[in-house]
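> Attaching a single structure in structure tokens format; questions to follow.
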Amino acid sequence: MFHRLLIATVVGILAAFAVAGFRHAMLLLEWLFLNNDSGSLVNAATNLSPWRRLLTPALGGLAAGLLLMGWQKFTQQRPHAPTDYMEALQTDGQFDYAASLVKSLASLLVVTSGSAIGREGAMILLAALAASCFAQRFTPRQEWKLWIACGAAAGMAAAYRAPLAGSLFIAEVLFGTMMLASLGPVIISAVVALLVSNLINHSDALLYNVQLSVTVQARDYALIISTGVLAGLCGPLLLTLMNACHRGFVSLKLAPPWQLALGGLIVGLLSLFTPAVWGNGYSTVQSFLTAPPLLMIIAGIFLCKLCAVLASSGSGAPGGVFTPTLFIGLAIGMLYGRSLGLWFPDGEEITLLLGLTGMATLLAATTHAPIMSTLMICEMTGEYQLLPGLLIACVIASVISRTLHRDSIYRQHTAQHS
């Protein structure tokens, strides 16, 4: 057992460096091509001329598509999904290393060019890839799946600064169980990855800075639970829209470069209305949490960002939809909170409270992982006082969503690429 914990520590270190490598590559490309050193794609888009804001996501999608198509022709095989660690856990625990690296590079291109897709998917993939490479050299074959799981959890912990949520992501979403024998090394890897990532970044700050001064009372629990019901209804709708957009892009029968370029062009067009559609939504989430906008502003940005996410994911842009889902949930919660705030004197606090609730519950509704979703929001924001209410709301959202839409976002993604 102790040798497993030692290996888990090594896996956590490797995962932290894999995530840091991808993050620094992003910053380098943003500096080279967008003249942006802030780390925020929204800031980069704001400072670009309209024609560059329009064309940059399309050119990034075109470059990524050419890379994927070139690799497909070179290897004479159909590309796999970018989330290969899920396939590896469901099969024999082996990776196609070269294909995974190519997809990570393609993800780097679309992410840094502004597509509304998550960068964390590629980070987690690289972390799992590093863990797999180490495991195949130093561990027996029957343990390979365990170390891939540890790498994925560690990558998630380093990307989101949420080690417990990263561990439970593996337990709830990938393993479908919470066996202690498997969970121990996973938690060790996740915690080590977070600590090493903090050392690399010279910071142990929370992912999101939130100033929530409300003390949760009976009324607030009722509002939180009602938000869970709303998210439980919105989750299946979001999954249905994503599936419909994917089918729509496929029906066009475009070559991969042109399909990804079309998705990027749609993002570019939407960015002419608001630069907030660029990127995975992290900086927009932070700005909303710092100062919740008015109802109509939230609604406008929400609609544009939703269309951008659907265009990016539907076109097949390699990357994750985890962080974009957090923004969509935040916007839904804040829209609900702003509407209710008209009837309460503390409308600002209600808006912020229900925004955080929306993040957790929509994540639970799309992943069907309520415990992970609850812990993730608490770890990212430090608002652990919300834990009891969020847990109830996330369970409700997950149950409603699972009733209306059997597949989670991950199973749907795997089915689309199978």
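Cβ coordinates are placed from backbone N, Cα and C, and glycine is handled just like the others.
Worth saying up front: this structure is predicted, and the values here are computed from it rather than measured.
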> For L48 and G347, give whether Swiss-Prot records them on the same side of the membrane.
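Domain labels do not match for L48 and G347 in Swiss-Prot.
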> Labelled transmembrane segment by Swiss-Prot, one stretch among 96-116, 222-242. Can you tell me which?
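The range carrying the transmembrane segment annotation in Swiss-Prot is 222-242.
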> Restricting to the same chain and to residues at least six past its boundaries, which positions have a Cβ under 8 Å from a Cβ of the topological domain 'Periplasmic' (312-315)?
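For the topological domain 'Periplasmic' (312-315), the nonlocal Cβ contacts are 61, 110, 115-117, 242, 245-246, 248-249, 259-260, 262-264, 266-267, 321, 324.
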> Count the Cβ pairs between the transmembrane segment (352-372) and the transmembrane segment (258-278) that lie under 8 angstroms and are 6 or more residues apart in sequence, then report whether there are at least 3.
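Contact between the transmembrane segment (258-278) and the transmembrane segment (352-372): absent, because fewer than 3 Cβ pairs are under 8 Å.
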> How about the transmembrane segment (222-242) and the transmembrane segment (54-74): do they have 3 or more C-beta pairs under 8 A, pairs 6 or more apart in sequence?
no
> For the transmembrane segment (258-278), which recorded stretch in the set 2-22, 54-74, 316-336, 380-400 gives the largest number of Cβ pairs separated by under 8 Å?
54-74
